[in-house]
């Protein structure tokens, strides 16, 4: 009986140890390509670790976390949504900025070199934007259009994506002639090779500050903090830069 009990406890400890190496990340959709690249590097250097990433809008992911979804780390597309997680009592630690993103205009077929005024071209029937309520890049796009007094003129042409990834897909598939997307998506190999993009200046659209927070319960899984520290290290700077992100001063 003692031997059986010892074996059971040993197996349980192995199970807990193995699970402790799995990090569940809730990540804003604009991070899809760069975070997958960082994940590959991390798992190569840490063979026992497994990083599971769920991509979505920051708003949707926030709602899932406060409803009890089992995530260890939340990497949002702004600062406000991680703060909501913290204010709701679901954070393990402080909200910290990890990167700065940029807004871009992308098209499969059109010349977008004129920037924001491209939306007025007669050939533009549909314009893809992520839902501002849950997607910070969509909010940035809507604010830009309003600041240029263009929003009301083209509002009937807007097709709303649930997140910035879906908005990019609408444009990439040709279901919208234009898409307001994260620069990181426009610079991903697939989109960069097929279409053209225009990057908005900081004057038109200030850099989008993106923050993370470790989720309540992650204190039991030190691999989560280890992963985000790795993602923010100098080792990953070139990857972030290759997707158009602005780095923190280190």
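Cβ atoms are placed via backbone N, Cα and C, with glycine included.
According to TrEMBL, the feature signal peptide maps to 1-20.
The feature molybdate binding site is assigned by TrEMBL to 58, 164. A C-beta separation below 8 Å, combined with a sequence spacing of at least six in one chain, links residue 58 (molybdate binding site) to 28, 76, 77, 78, 81, 134, 135, 136.
Around the Cβ of residue 164 (molybdate binding site), a 10 Å sphere holds 36 further Cβ atoms from the protein chains shown.
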